[in-house]
């Protein structure tokens with residue numbers, strides 16, 4: 001095969017790998033969501049203690065990250081001062097704990113399908129908080145798109161057969177805290193040049209989450225668990241569930257690191273449709289035509305948002321290439337101009353003589 005054939009094989013390999021990363025992430029994200037629903041739902045495993053479940057996840061992830069970094073030394077720790085940790089990691093950890101707590105709690109009250117529809121509000125929350133914190137510039141067309149997504153989710157909520165006000169409040173709170181966390185990561189960490197892979201992220205953030213969750217757990221769930229004696233640690237269930245949660249963190253890093261965050265957003269839309277179909281066909285959740293119509297509107301809004309982001313990324317890349325070309329041309333002209341200037345000056349002196 002010629003050079004063109006080799007290039008074609010390389011491109012095909014990259015495409016196959018990209019789809020593999022997407023498939024792994026969708027599978028693990030799908031598994032964690034359904035698994036958490038199974039554990040927390042009173043009609044299934046019937047262990048409705050979301051704070052305790054989240055604390056088990058964080059304990060498992062903290063221990064595994066510690067072993068990988070400090071004991072086996074497979075991952076290099078990030079150099080971070082105490083001040084940076086307190087000012088940057090602690091607020092992010094607090095928001096992450098609240099987001100996980102509320103999102104897991106929502107599975108007790110809402111169907112998997114409806115929760116995925118509510119999660120379509122994430123771009124709205126991220127953009128709105130970004131504007132409030134002056135990380136994003138206000139654009140009327142983007143805000144119109146955000147309103148269309150919100151309108152679609154509102155229709156989906158109107159058509160929800162198992163609508164629960166408290167469950168909706170929990171999920172919206174989870175979306176708000178998660179969106180704030182994502183914006184703060186950009187402001188507090190990325191702006192300082194600190195990048196955390198999933199292992200180092202869990203190493204620093206998971207113990208912080210565990211500490212924040214311990215306070216509400218003592219007052220909300222511990223008395224119930226103590227009085228009812230309903231907690232018998234099932235190593236098979238909670239161990240495999242925690243391992244899936246840990247693997248999902250690695251899959252996120254793999255997907256974003258090898259493709260892009262935008263790819264994960266697009267893959268997330270595919271995952272949501274799969275979860276809605278699974279929720280309706282296997283778990284037997286009721287999905288109404290109004291649900292689907294409203295989510296369809298929200299889906300189109302999210303798809304347009306992702307398309308706009310893709311176009312913006314392409315424009316930025318094109319602008320960078322133009323700037324690099326201009327800089328290179330400028331340097332060449334300076335070099336030529338310098339040589340030509342000496343020659344011109346010599347000719348001028350000869351004519352004057």
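We number each residue from 1, going along the chain as drawn.
Just so you know, glycine gets a Cβ as well, placed from its N, Cα and C.
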Residues flagged as transmembrane segment in TrEMBL, choosing from 108-130, 131-153: 108-130
Mean predicted confidence [pLDDT] for the domain 'Sugar phosphate transporter' (21-306): 91
Helix-strand-coil residue split for the compositional bias 'Basic and acidic residues' (323-337), DSSP-based: 15 helix, 0 strand, 0 coil
For the transmembrane segment (108-130), distant same-chain residues with Cβ under 8 A (at least six beyond the ends): 33-34, 37, 40-42, 48, 50, 136, 142-143, 146, 149-150, 152-153, 156-157, 160, 162-164, 166-168, 170-172, 175-176, 178-180, 182-183, 265, 272, 275-276, 278-280, 283, 285-287, 291, 294-295, 298-299, 301-302, 305
Annotated stretches the transmembrane segment (47-72) and the transmembrane segment (16-35) touching (3 or more Cβ pairs under 8 Å): no
